[in-house]
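So the structure is just underneath, and the comments pick up after that.
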Amino acid sequence: WLSALESTKWLQHLAVLLKSALLVVHAVDRDQRPVLVHCSDGWDRTPQIVALAKLLLDPYYRTTEGFQVLVETEWLDFGHKFADRCGHGENSDDLNERCPVFLQWLDCVHQLQRQFPCSFEFNEAFLVKLVQHTYSCLFGTFLCNNAKER
């Protein structure tokens with residue numbers, strides 16, 4: 001099982017995301033410099049890095065209310081392609097569009113939460129429930145690619 005996990009390079013992806021977010025945090029907080037984050041297409045890595053940086057920089061986003069605001073602004077309002085990435089939409093058969101981008105980000109949040117449990121108002125169960133409902137299709141929150149479709 002561990003070798004199968006290793007072959008996905010999942011942990012390497014998480015490490016790169018966390019390091020990238022830390023670069024942003026150091027530029028903003030320590031060096032007092034403005035930062036522009038824009039990855040190749042802007043849909044996937046950009047919200048991962050920006051949302052992680054905000055989570056690290058501002059304790060408000062580590063509260064339940066703040067985390068909800070963070071997901072709404074950096075993922076939902078930003079226009080992350082949940083339908084395509086989670087396989088909920090018209091392109092659900094196109095495996096090239098599917099990618100666990102939001103799940104990777106939640107795993108990064110989980111890693112931070114495990115290291116600094118007293119810094120978060122919510123726990124692992126909250127994140128697990130969020131993952132479940134990202135893929136459950138029970139609510140319309142994560143079904144579409146943008147606010148207009150939602």
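Even glycines carry a Cβ here, placed using N, Cα and C.
According to TrEMBL:
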- 1-27: signal peptide (SIGNAL)
- 1-150: domain 'Myotubularin phosphatase' (DOMAIN)
- CYS39, SER40, ASP41, GLY42, TRP43, ASP44, ARG45: substrate binding site (BINDING)
- CYS39: active site, phosphocysteine intermediate (ACT_SITE)
For the signal peptide (1-27), distant same-chain residues with Cβ under 8 A (at least six beyond the ends): 33, 35, 37, 45, 48-50, 52-53, 56-57, 104-105, 107-108, 111-112
If you draw a 10 Å sphere around the Cβ of SER40 (substrate binding site), how many other Cβ atoms fall inside it, taking every protein chain shown into account? 8
CYS39, ASP44: which of these binding-site residues has the highest Cβ count within 10 Å of its own Cβ? ASP44
Pull the DSSP breakdown for the domain 'Myotubularin phosphatase' (1-150) and write it out as helix, strand, coil residue counts. 97 helix, 0 strand, 53 coil
Intrachain C-beta neighbours of ARG45 (substrate binding site), sequence separation six or more, cut-off 8 angstroms: LEU17, SER20, CYS39, VAL101
